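Student: Okay, handing you the structure first.
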Amino acid sequence: MKDSDKILATLKHVSLALEKRQILQDISITLEAGKVLTIIGPNGAGKSTLLRILLGLQKPDAGEVTRKPGLRIGYVPQSISIESTLPLTVARFVALGGKGNVKEVLAELRIAHLAKSAIQSISGGEFQRVLLARAIMRKPDLLVLDEPAQGVDVMGQGELYDRISTLRQRYGFGVIMVSHDLHLVMEKTDQVICLNQHICCHGVPDDVSRHPEYKRLFGDMPDSGLAVYTHNHDHAHDLQGNVVHSKDCDHG
Amino acid sequence: MDEFIIRAMIAGSLVAAVAGLLGVFVVWRRMAFFGDTLSHSALLGVAIGMLLNIGFMVGVVASTLLVGIILFLFQRQQRVSNDALLGILAHSGLSLGLIALSFVQTQNVNVEEWLFGDVLSVTWDDVTWIALTLVLVVGVMAWLWRPLLTLTVDEELARVEGVNAGLVNLVFVGLVALLVATAMQVVGALLITALLIIPASAARSFAKTPEQMALFAAVIGVVSVFIGITASLLLDTPAGPSIVFSSAMLFFMSQITRVLKAA
């Protein structure tokens, strides 16, 4: 495979302002097949907006978005609410995502027992898995996850990341994931980008099991699925979000 | 049985069945007010059709599509809220329709007929037109079903998965416009939305799948037409309102059944 074939999507110098408020400024990222990119940043940093631009749901003011022709995307949104007047089972909801074996994918994510439940009756954590099932069933080239670990505790978070890693190894899709947790990221992440309107810093995470703080809290767990990201900023943000240059990371 | 009753039953059943099919989506997508806007402004279409001598069906389809497109364009701005916009269009369409109809009074137009329908006076030609139009609606709906359902569940997810939201929405509005045109004679401009939302809401209590709900809504609609027209003949009540009231009774019965089942 040539290097250019591995590239699933790119954003080049993307900027967006809504109602005169700058949301994103000069963002460039490249997504590759089989690679995991985690985007972290504080609330209001523009993480979800960045995903929406990548997905083609929002047009940027400037910059260029390219997706590989015929790119199949599996999208796991942050949360969606489904009209209660619509009689819909979990299995049917997943089937609406496209062609594929619903039974198999539900079993794979260990939610086969929910197949006949009404989609409105399941819990938030279960719904996350159902959304993941629908995305996986599409046999995507790229999996896009918007805060998949939201409302899940640290153990659950590790378990979820572990499952995504396993699925990625099996199917070979690329992953882009947004997380509001500034320090704990998916262990198998190839790259971390810290976003606050612009790209503050980027790098690779440290293995969480080597991190003394984590060891103290949770003991020795080699397969936690988590990793710690150490920020390396050369600037800080004031209350208005403007860049203030400094030597150290302000939230490290 | 007199032939006019058979014609009324056929025309009414066809319209009510298709209204049930489209109505479930109107309920799921919370478009009841939208249905009102399209059907109220259809009165303007009737007037245009008569003034230009192109037949009321063509006029109604043209005016409802026009309103649909205006809505679609206006929804991109955020200075007027969506329900206010729907209300503005519904009532301006209704008013302009009544004004325009006053100009064609010379042709012996009975405004009440268009507001509340006159299903007992449909001709075989009308029945044929209604049937042909609705066959087209059902055919397109069969093709549209899956993308429309995907879009109804969640629009952004559907768009990412490749559903052309703009096209699907536009086609759906077109189908509702065609249904409104056929329903004008049956229940009239003011009561069309009732045929869309009441049978669909009644069907919710019994349905386990989206398809079941559409089928039950269609059946409940047809039953309402039979009860309504029969009552209208026996009690000499207006047919359109009798049909709508019958469906409302079926709705309340479905709610009682649901409460009893839960107890």
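Cβ from N, Cα, C; glycine included.
Keep in mind that TrEMBL annotations are predicted by a computer and have not been checked by a curator.
Just lifted these from TrEMBL, have a look:
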| type | residues | note |
| --- | --- | --- |
| TRANSMEM | B:7-28 | transmembrane segment |
| TRANSMEM | B:48-74 | transmembrane segment |
| TRANSMEM | B:86-107 | transmembrane segment |
| TRANSMEM | B:127-145 | transmembrane segment |
| TRANSMEM | B:157-180 | transmembrane segment |
| TRANSMEM | B:186-207 | transmembrane segment |
| TRANSMEM | B:214-235 | transmembrane segment |
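If you look at the structure here, what lies around each of the features I listed?
Tutor: Within the same chain, residues 34-35, 119-120, 122-124, 126-127, 130-131, 134, 137-138, 141, 148, 152, 172, 175-176, 179, 182-183, 185-187, 192-193, 195-197, 199-201, 203-204, 210, 213-214, 216-222, 224-226, 228-229, 239, 243, 247 sit at least 6 positions outside the transmembrane segment (B:7-28) and bring their C-beta atoms closer than 8 Å to a C-beta of that stretch.
If you look at the transmembrane segment (B:48-74), the same-chain residues 6 or more away from its ends with a CB under 8 A from one of its CBs are 34, 37-39, 41-42, 80, 85-86, 89, 93, 100-101, 103-104, 107, 109, 129, 133, 169-170, 173-174, 176-178, 180-182, 184.
Same-chain residues lying 6 or more positions outside the transmembrane segment (B:157-180) and placing a CB less than 8 Å from one of its CB atoms are 15, 18-19, 22, 25-26, 35, 38-39, 42, 60-61, 64-65, 68, 72, 133-134, 136-137, 140-141, 144, 147-148, 150-151, 192, 196.
Long-range contacts of the transmembrane segment (B:214-235) within the same chain, counting only residues at least 6 positions beyond its ends with a Cβ under 8 Å from a Cβ of the stretch, are 5, 8-9, 12-13, 15-21, 23-24, 119-120, 186, 195, 198-200, 202-203, 206-207, 242-247, 249-250, 254.
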